[in-house]
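K.L.:
Could you have a look at this structure, given as structure tokens, before my questions?
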């Protein structure tokens, strides 16, 4: 792999960049300089594909472009119809669990999210091919496992499993059985990247450490419900933490490809990616809000999420767009499952520090993250007991 010119950093001197490279993640030596770099097939829009190296992936990131890495699909001879019409799901027309949700929501803790995120961002990077990326996944798995073990759910079939990939960082899936196999999914991605060079420090506090700890806290409080913990919800619930989102939604594509092959009955998928930055909205002179994505999502699920935000959050929503393949919900859509995405703000007001070493905890608003946790908790609880 060729190293991109350090001049691309612009704002950082080369000595600062080299100092930020972890000792166990040194650049490749000269003995490999003549090897041809591995290439990957990416899709930047429906039908718009190209072969690129991994360095070229990060160049696209620097340009603000998003994509699926569909190499595995080609190798397996399976290319799903892009954004097929999802199965018909009748989402509720109104909120039906207000008393239960509001009682549970009072137990959500900003302190828990802060403590988890402080630890999670202490890893040099969570780059999906790095040693630190595997270590961070192991740490996160332990937190999710402890969350489930500390609840009644562990006695009623709840489990936490790794979903292994061909690269070292695994995805994580927590499952809480319901009375049917119809499944409600909430996701976030656990990896991080420095778009200038993968070995450079990438704390990934907002992208997507914030979503990672937001849904972890929602899971903790959800399991305080005896009805959920004891398996009495109508539908099964899953919480996902995906690997390798930054490299082209690799982890989530692997998960939903497997689910499709197994004929899993996934009724909804909500992605929480970047939940912590509110200052961009305030600096623009606008009211604090959460951003409901309206492109490449399921309209019925998205409309119900708007009701959830209105009913359970203390701030309003705004409608915004993020483009093709912009986060892991797109993988669910790709395989025919209804999906939605709620981000921290209008897309243009979201954090500009992502994919750099400056995406750190100090710039995040944990009161804002609490609103995302309320929305996540409310949505999951409502859909867990709905006839979908």
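In case you wondered, yes, glycine gets a Cβ from its N, Cα and C as well.
Bear in mind that the values here come from a model prediction, so they are computed numbers and not experimental data.
Below are the features listed in Swiss-Prot for this protein:
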{"type": "BINDING", "residues": "189, 207, 273", "note": "Zn(2+) 1 binding site"}
{"type": "BINDING", "residues": "207, 246, 355", "note": "Zn(2+) 2 binding site"}
{"type": "DISULFID", "residues": "322-326", "note": "disulfide bond"}
{"type": "CARBOHYD", "residues": "96", "note": "N-linked glycosylation site"}
{"type": "CARBOHYD", "residues": "119", "note": "N-linked glycosylation site"}
{"type": "CARBOHYD", "residues": "149", "note": "N-linked glycosylation site"}
{"type": "CARBOHYD", "residues": "164", "note": "N-linked glycosylation site"}
{"type": "CARBOHYD", "residues": "181", "note": "N-linked glycosylation site"}
{"type": "CARBOHYD", "residues": "232", "note": "N-linked glycosylation site"}
{"type": "SIGNAL", "residues": "1-19", "note": "signal peptide"}
K.L.:
Give the sequence-ordered set of same-chain residues, not counting 189, 207, 273, with Cβ within 8 Å of the centre of the Cβ atoms defining the Zn(2+) 1 site.
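P.N.:
Sorted by sequence, the hits are 188, 204, 208, 211, 212, 245, 246, 274, 327, 328.
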K.L.:
Given the recorded positions 207, 273, 326, find the one whose Cα is closest in space to the Cα of residue 96 (N-linked glycosylation site).
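P.N.:
Given the candidates 207, 273, 326, the nearest one is 273.
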K.L.:
Tell me which of the binding-site residues 207, 246, 355 ends up closest to residue 164 (N-linked glycosylation site) in space, Cα to Cα.
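P.N.:
When the Cα distances are compared, 246 comes out closest.
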K.L.:
Nearest to residue 322 (disulfide bond) in three-dimensional space, by Cα, is which of the binding-site residues 189, 207, 246, 273, 355?
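P.N.:
Nearest by Cα distance to residue 322 (disulfide bond): 273.
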K.L.:
Within 10 Å of residue 246 (Zn(2+) 2 binding site), Cα to Cα, which of the recorded positions 119, 149, 189, 273 are there?
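P.N.:
Those near residue 246 (Zn(2+) 2 binding site) - Cα within 10 Å - are 189, in sequence order.
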K.L.:
Taking the Cβ of residue 181 (N-linked glycosylation site) as the reference point, list residues of the same chain whose Cβ is under 8 angstroms away and which are at least six residues distant in sequence.
P.N.:
236, 264, 265
K.L.:
Do you know offhand how many angstrom separate residue 355 (Zn(2+) 2 binding site) and residue 119 (N-linked glycosylation site) by C-alpha?
P.N.:
18
K.L.:
In whole Å, note down how far the CA of residue 273 (Zn(2+) 1 binding site) lies from the CA of residue 149 (N-linked glycosylation site).
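P.N.:
A Cα-Cα distance of 26 Å.
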K.L.:
Relative to the Cβ position of residue 273 (Zn(2+) 1 binding site), how many further Cβ atoms are located within 10 Å?
P.N.:
28
K.L.:
Of the recorded positions listed here (119, 232, 326), which is spatially closest to residue 207 (Zn(2+) 1 binding site) when Cα positions are compared?
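P.N.:
Given the candidates 119, 232, 326, the nearest one is 326.
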K.L.:
Under 8 Å between C-beta atoms and at least six apart in sequence, can you list the same-chain neighbours of residue 119 (N-linked glycosylation site), or say none if there are none?
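P.N.:
139 - these are the non-local Cβ neighbours of residue 119 (N-linked glycosylation site), listed in sequence order.
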